[in-house]
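Sequence annotations record features per position, and here TrEMBL assigns active site, nucleophile to Glu109. Per TrEMBL, the feature active site, proton donor maps to Glu113. What TrEMBL lists as domain 'GH16' is 22-226. Residues or ranges marked as N-linked glycosylation site by TrEMBL: Asn117. Annotated signal peptide per TrEMBL: 1-29, in sequence order.
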Amino acid sequence: MGSRRRDLLALAAAVAALLLSCSFRGASASSFGDNFEITGAEDHVKTSADGQTWYLYLDNKTGVGFQTKERYLFGWFSMKLKLVGNDSAGVVTAYYMCSDVDAAPQRDELDFEFLGNRTGQPYIIQTNVYHNGVGGREMRHSLWFDPTADFHTYAILWNAKHIVFFVDKVPIRVYPNDASKPGGNAFFPVAKPMYIFSSIWNADDWATRGGLEKTDWAKAPFVSSYRDFAADACAWPTEPGAPSPPACAAATGDSWWDQPPAWALDEAQRMDNAWVARNVLIYDYCDDRKRFPAPPEECALRGAGTAS
């Protein structure tokens, strides 16, 4: 009986393994290329064997980028990035949303920009918001980890109440809307669907110590890595005759990102955001009186424990 029981267990394990293998083959994950198309020099992009990871290359000839095939209005957007290692001074890796493919004058835009540095010096993460072509809403933070050692998740929550920039689930920045102006305002993007972009490029005229540190091309190529893109969002229709705007663009409350729990930070998130403001905030446009003798109007909307 003992021998027969072992044989039956072995057979059951083999069948289970076969079924599991078949299920994985039948439900394979979509590749990065299913969501994105390359913008720029295609020979500066490489992919992993399974198509799940993309690598963007910058050399002294050119950089490169990619963009989503779809546009979105509101939702949750996340990506895992591993930034350029070692000496990355002058190099900028950008991960952002934009309503236009050519930086049009009236564009809306939500930015993550990762500013490289000399070996051993910390990366700086810059966020910015544009509405109808008006930006200048920069904030800069240092990171509390090495973003070149492994992949980390960078995400944007965008709804009609606020925009939140997340790093590994930590809300580093909250950009609020003014609920008292249901018809809109001069600083919050609510009407234009956006693509998601990323790129790597040379910005040694400003990116590192205000342009004092130049890109060392002897260290090229510079490589940034991407995987695990996710969008739980309102996709803008591309089919002829489809309703525009789509029903999900209205404040229906049908999606989790359009429900009260997503309209404000919870207590734990407020504590995390306050920690960020105390410990890793480098620059805040709302406090820059040289640029803004009177703070922009959205600065007055900051709540306790948040920073716009």
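Numbering starts at 1 and runs along the chain as displayed.
Each Cβ is built from the backbone N, Cα and C atoms, and glycine gets one as well.
For Asn117 (N-linked glycosylation site), the Cβ neighbour count at a 10 Å cut-off comes to 20, with all displayed protein chains included. Separating the Cα atoms of Asn117 (N-linked glycosylation site) and Glu109 (active site, nucleophile) is a whole-number distance of 25 Å. In the shown protein chains, 21 other C-beta atoms lie within 10 A of the C-beta of Glu109 (active site, nucleophile). Long-range Cβ neighbours of Glu113 (active site, proton donor) (same chain, at least 6 residues apart, Cβ-Cβ under 8 Å): Val92, Thr93, Ala94, Tyr95, Tyr96, Ile125, Gln126, Thr127, Asn128.
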